[in-house]
Amino acid sequence: MNVEHNTVSLGEFEFDCGETIPELEITYEAYGEFDGDNAVLICHALTGSAHVAGRDRVDSADQARAWWDDIVGPGKAIDTTEYYVVCANVPGSCYGSTGPKSENPETGEPYGTDFPPVTVRDWTEAQRALLDELGIPHLHAVVGGSVGGMNVIEWAKRHPDHVDRIVPIAAAARLDTQCLSLDAIARRAITTDPNWNQGHYYGEDQDPPSDGLALARQLGHVMYLSKASMERRFGRRAAGRDAVRTFPTDAAGAFFPYRDVESYLDYNAEKFTERFDANSYLYLTRAMDNYDLAAGFESDTDALAAFDGDALVMSFTADWHFTTQQAEALADSLRDADANVAHHVIDSDHGHDAFLVEPDNVGPPLADFLEAGIAGNAVTDSVVEDSQESDFAPVHNSLFSR
Ligand SMILES: CC(=O)SCCNC(=O)CCNC(=O)[C@H](O)C(C)(C)COP(=O)(O)OP(=O)(O)OC[C@H]1O[C@@H](n2cnc3c(N)ncnc32)[C@H](O)[C@@H]1OP(=O)(O)O
Ligand SMILES: N[C@@H](CCO)C(=O)O
C-alpha cells in the first residue's frame, strides 16, 4: 500500500475563539493514488491519530495504533486501491499536529494551557487548509466515528459543495447531558491531579498528571462499552491471581476482591497514559462537548440545508454515548434538508466502540455506500422508534426497515 506520513505547516491559524497561533502544523497520513475525484477524508475519534491503517508500519510508533486497519486498506471497505484516503491528526491533539504539548515559538516552551481552545469547526477548517495544500479541492466522501462523526457533519455544514457523501458513524448533532456530565468529571480528575499544575507539567523534572488522566480514561472507557457487554465479558468475577493493582488500596479494601473489570480498566488506563497527553484530553473532550450542529442557525436542518449529497448515518443499538435515537434525529434533519439519507442501524451489544471493533458489520454498508450512495446493496434504512426505553442507558431499540 502506498502511504504518505507527513507533517505540513499551514502557517498562521486563527481559531474559532479568535486567538491565533503563528504556525499550525498538521500531521497526516494518505493512502493510495489521487486521481482527481477519488479522495476520502477520514476523521478520527477522540484519542485517535492520523495512523488509520498499516498496523505493522514502524514509522508511526508515536501514533495511536492503526485504529481502522480492518476497514482501510487494499480490498477493504475503504479500498485504497480505489480511493485516495487522507486522515489528519486534529489541532489540539498530541499525535504530531500542533497542540498543548507543542512548543510555542514565542516562548520556546510548550504551550500547555496557553494553547487556544479548539472546536470541531477548527478541525474542519484545518483539514480544509491541509487538503488545499495537497491539491484536493473536492471530496468523494468524509467518514468518521464518534466525535469524528461530528467532524463529518461539520463538513456538510461548512463545506457542503466540497463533499459528495458523508458517513457519520456512532455520532450525533450534540452530546446529551449525561455524557456531558461524565466528561466534566473526567476533566476534573485531571485538573485536580496535583501534577497537572494548571497545565504546565512538561518540564524534565516534572511528572505528568497520569493518575488524573487514568481516571478520566476509565470513565470514558465505561462510556464506550455497554451494560450487556461488560456483564458478558467480566461479570462480577475476581481478577486472576496474576492481576496487578495499579492503584493503591487500603487494608480494608484488600479484604474484597480486585475484580476482573477493574483489572481491565486499570490495565487499559495505564496503557492510555503512556500514549496520550492529559491537556489534549481536556481540549478534545471540550471540543466534543461544545459541538452543536445548529450553532449559528435556527435548527439542525437549517445548518444542513446547503448539503444535497448522500448521507449514510450509522449507529449501534447498545451505544449509549451516541444513541440510535440521536442518530435517527440527525438522519431526520438530513432528510428534512433534502439530502439522500439512510440510517443504517447495527444490532450490537458492544456499545459505542463497536465502530472500531466490528468491521464485519461496519464494512459492507460503508463500502457499498462509497460506491453507490444510499442505493448500495448492503445499505439499509431503519426507523428507530422513540420509545420509553430510550430514557435508560444502554438501550436496545425497536427497529423496522423502511
Ligand atoms: C480512533 C480511536 O478510537 S483510537 C483509540 C481506540 N479506542 C480506545 O482506546 C478505546 C478504549 N479501548 C477499547 O475499547 C479497546 O481496547 C479497543 C476498542 C481499542 C479494542 O478492543 P478489543 O480489540 O475488543 O480489545 P479488548 O478490549 O479485548 O482488550 C484491550 C486490552 O485489554 C486487555 N485485557 C482484556 N481483559 C483484561 C483483564 N481482565 N484485565 C486486564 N487486561 C485485560 C487485553 O489483553 C488488551 O490488551 P492489549 O491492548 O495490550 O492487547
Ligand atoms: N474510543 C474511541 C472513541 C471515543 O469517542 C477513542 O478513544 O477515540
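For all residues, glycine too, the Cβ spot is worked out from N, Cα and C.
Listed features, source TrEMBL:
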type: DOMAIN; residues: 38-359; note: domain 'AB hydrolase-1'
type: ACT_SITE; residues: S146; note: active site, nucleophile
type: BINDING; residues: R217, D353; note: substrate binding site
type: ACT_SITE; residues: D319; note: active site
type: ACT_SITE; residues: H352; note: active site
Can you check what DSSP calls the residue listed as 'active site, nucleophile', collapsed to helix, strand or coil? coil
Filtering S146, R217, D319, H352 (recorded positions) by proximity to ligand 1: which pass a Cβ cutoff of under 6 Å to any of its atoms? none
Please give me the recorded positions out of R217, H352, D353 that lie within 10 Å of D319 (active site), comparing Cα atoms only. H352, D353
Tertiary neighbours of D353 (substrate binding site) (same chain, Cβ under 8 Å, six or more apart): Y224, L225
How many neighbouring Cβ atoms, not counting its own, are there within 10 Å of the Cβ of H352 (active site)? 26
When you measure from the Cβ of R217 (substrate binding site), which residues in the chain that are at least 6 apart have a Cβ under 8 Å away? A186, N268, A269, F272, T273, F276, Y281
Highest CB neighbour count within 10 A among the active-site residues S146, D319? D319
CA pair H352 (active site) / the residue listed as 'active site, nucleophile', Å rounded to integer, equals 8
Contacting recorded positions, sequence order - S146, R217, D319, D353 vs ligand 2, Cβ under 6 Å: S146, D353
